[in-house]
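According to TrEMBL:
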TRANSMEM  B:20-38  transmembrane segment
TRANSMEM  B:45-62  transmembrane segment
TRANSMEM  B:68-86  transmembrane segment
TRANSMEM  B:98-117  transmembrane segment
TRANSMEM  B:137-162  transmembrane segment
TRANSMEM  B:191-217  transmembrane segment
TRANSMEM  B:223-252  transmembrane segment
TRANSMEM  B:259-280  transmembrane segment
Amino acid sequence: MLEISSLRAGYGALEVLRGIDLSISAGEIVAVLGSNGAGKTTLNANISGLYRLFGGSIRFEGEEISKHTPERIVAAGVIHVPEGRRVFPNLTVRENLELGAYRRARARRSANLDRVVATFPRLSERFDQKAGTLSGGEQQMLAIGRGLMAEPRLLILDEPSLGLSPLLVEEMFELIRRLNDDGLSVLLVEQNVVQSLEIADRAYVLENGAIAMQGAAEALIEDEGLRRSYLGLA
Amino acid sequence: MLDPILLWSGLVNGLLQGAIYALVALGLTLIYGVLHIINFAHGSLLMLAMYGVFLLFSQFGIDPYAALPIMVVGMFVLGYGLQRGLISRASHGRDENILLVTLGISIVIENLALFFFQGDTRTIDVPYAFDSLEVFGVFIAIPRLIAFAAALLIAGLLWLMIQRSDVGRAIRAVAKEKQGARLVGINVEHIYAVSYGVGIACLGAAACLLMPTYLVYPTVGHAFVLIAFTVVVLGGMGSFPGALLGGLLIGLCESFGGLFLGESFGQIGIFLVFIVVLLFRPSGLLGSRV
Ligand SMILES: Nc1ncnc2c1ncn2[C@@H]1O[C@H](COP(=O)(O)OP(=O)(O)OP(=O)(O)O)[C@@H](O)[C@H]1O
Ligand SMILES: [Mg+2]
């Protein structure tokens, strides 16, 4: 579904990603792990077309998308729920959700709105409230809800559990698993290594802009090196 | 003592004038609110639109009110093209460059106007220019009444568009969260240009409403834009209802200032109120608190 090869990317003269190869098959959850500053968010931003690549290629369902505009990439069904949520603070919850269907699935907007509200009942209590007045956790739900409004084919989640209480983190992973059971492919960037590996099919570990490790999630969760560097376990 | 008729006439005149200020300021505040730039070309684009109305009338015999749809569409297209083709390209997204680019546009337009029309003032002679209506002892020029009603109507339609339509939602989204907007598939450059175009289209409408009772000359925009800047700051930068309220308020200040302090001091009233309001509400009447 998504094929990334020899991706090089960064900001200005700074090269952050130095040759990344990564792939996602339909129906998979693929986790991307790595310490702060490894380049995970940079990877997501480049898949979404927010920056111009330095080199390499990104193909989605066989089509080269690395030169496409963000709106074309959204239209193709690659939906990115960004780090820091990026909801529209001056718009109501309902308007935020409606804008989720700005470029895609507009015809089924009201049906999808009902579906998202059923997934996040809390949002419906806040429907006419400005998104900027929501709590961090509620904003995270809104950001994901907004992403779902576009009927994603591939959903990119950048640290969806950041700032959530342990109970909500649990719920978040449960939700991702449920969405995946319904057939959605997910690229999951996370700090919660264990929980991510528990729901993921495969994972990549990013270090200093390169893939340091990759493999089946069950295998990685047992890996000594990974346990030492990311879980602080001996 | 104070003649009630005089006060009534001051009120009427102030409101009529204020609605036009509000219309000019709405465009300015929309552009500021979305693009975060102060459009220094606003005054000269108003002047350009007024010459447009003048030419449509003198060359083709098109009545200024009939010219309204033409001017609104024409100015929208001009604004869209300026933003997309020139301002965003030449400024590389840097605010200080945008400022210079809009200033440059205004200088070019003003010099073109000087070249083609010299410094002369021009008017159009419509048969209804002096029609008036007596309301409680005060004569109100019909064209100014029309301008008042149309300006409020346009402001209302604009408000609906911004609040209720998909484009309006996208405009508000881009104003506060560009990256998020890109990620839902909004073409930010397009929305910037639409916002600039709509702001400039307001000037096209204002020109049609003004021309039956005003004259046009190459620097006519200056007076308006200075007041429009005041209105925008007074109402709260980027605030829509603020621009409307501020416009009416400034119209009233000017009119009552002129009444009590004499014509030449009328404008002092504007700046007095301006200073007083900003002393107590630094972010403007309806601006969000700092
Ligand atoms: N907009 C930017 N301009 C310049 N440099 C940037 C920008 N964004 C990120 N960087 C740099 O790129 C590197 C990778 O950042 P990135 O945000 O991709 O890391 P990350 O893996 O997502 O980290 P985290 O886990 O903290 O979110 C960092 O060194 C960062 O300083
Ligand atoms: Mg990150």
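For all residues, glycine too, the Cβ spot is worked out from N, Cα and C.
Sequence-distant contacts of the transmembrane segment (B:137-162) (same chain, at least 6 residues past either end, Cβ-Cβ under 8 Å): 5, 8-9, 12, 15-16, 19-20, 22-23, 26, 30, 65, 68, 126, 128-131, 168, 171-172, 198, 202, 205-206, 209-210, 212-213, 240-241, 244. Between the transmembrane segment (B:45-62) and the stretches B:68-86, B:98-117, B:191-217, the greatest number of Cβ pairs separated by less than 8 Å involves B:191-217.
Long-range contacts of the transmembrane segment (B:191-217) within the same chain: residues 20, 23-24, 26-28, 30-31, 34-35, 39, 42, 45-47, 49-54, 57, 64-65, 67-68, 71-84, 87-88, 117, 119-124, 126, 128-129, 141, 143-144, 146-147, 150-151, 154, 158, 161, 167, 170-171, 174, 181, each at least 6 residues beyond the stretch ends and with a Cβ under 8 Å from a Cβ of the stretch. Tertiary proximity for the transmembrane segment (B:68-86) is limited to same-chain residues at least six positions away from its ends with a CB under 8 Å from its CB atoms, namely 35, 41, 45, 49, 52-53, 56, 62, 101, 105, 150, 189-190, 192-194, 196-201, 203-205, 207-209. Residues 35, 37-45, 47-48, 51, 82, 86-87, 90-91, 217-219, 221 of the same chain lie 6+ residues outside the transmembrane segment (B:98-117) yet bring a C-beta within less than 8 angstroms of a C-beta in it.
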